[in-house]
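Copied over from TrEMBL, here are the features:
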{"type": "ACT_SITE", "residues": "35", "note": "active site, proton acceptor"}
{"type": "ACT_SITE", "residues": "113", "note": "active site, proton donor"}
{"type": "BINDING", "residues": "87, 93, 100, 114, 115, 124", "note": "substrate binding site"}
{"type": "SITE", "residues": "30", "note": "site 'Transition state stabilizer'"}
Ligand SMILES: O=C1C[C@@](O)(C(=O)O)C[C@@H](O)[C@@H]1O
């Protein structure tokens, strides 16, 4: 039976965290040819609904500041976050601090990029996070966020059965 909008009764609630880095607050108006017309608010709203349907709770956070993102990753440990979905924006290509924070909390995460970073400038081909990520989703547009949530859900389900 369809149970839209309500947590699935047989699944335990996990806390998931969606992090978006610099300039992603401009999604919808920022270079729409590359990033599409969906706003971050629309993406977050759809993802919260999807998370709830899958039986999870999703917290969303965006910042243009590296230290705030590091703080939010550190905070995730005390909030019992089971999985992080992160589009680090330009910090993907520069931030050892974000890498260290993710290693420190040891919470599995999926790295998301709306655009195909491999089809752009060469400096976007290097990520400080990809080799420590549980998965990466690149170039699928805003759909990438939904795919990442599904992947996290599958990983959590597998972990809880092993
Ligand atoms: O800000 C962004 C967005 C991005 O992470 C993406 O979602 O495609 C790709 C990054 O290279 C860029 O700096």
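Note that Cβ sites are derived from N, Cα and C of the backbone, with glycine treated the same way.
Shown on the structure are the features that TrEMBL records.
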residue : record                             : contacts (Cβ under 8 Å, 6+ apart)
30      : site 'Transition state stabilizer' : 23
35      : active site, proton acceptor       : 27, 114, 115, 141
87      : substrate binding site             : 19, 20, 21, 24, 111, 112, 113, 114, 145
93      : substrate binding site             : 123, 124, 126, 127, 128
100     : substrate binding site             : none
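Among the recorded positions 30, 87, 124, residues whose Cβ is positioned under 6 Å from ligand 1 are identified as 87, 124. When each of the recorded positions 113, 124 is scored by how many other Cβ atoms sit within 10 Å of its Cβ, 124 comes out lowest. According to its DSSP assignment, residue 114 (substrate binding site) is coil. Figure note: comparing Cβ neighbours within 10 Å for the binding-site residues 114, 115, the maximum is reached by 114.
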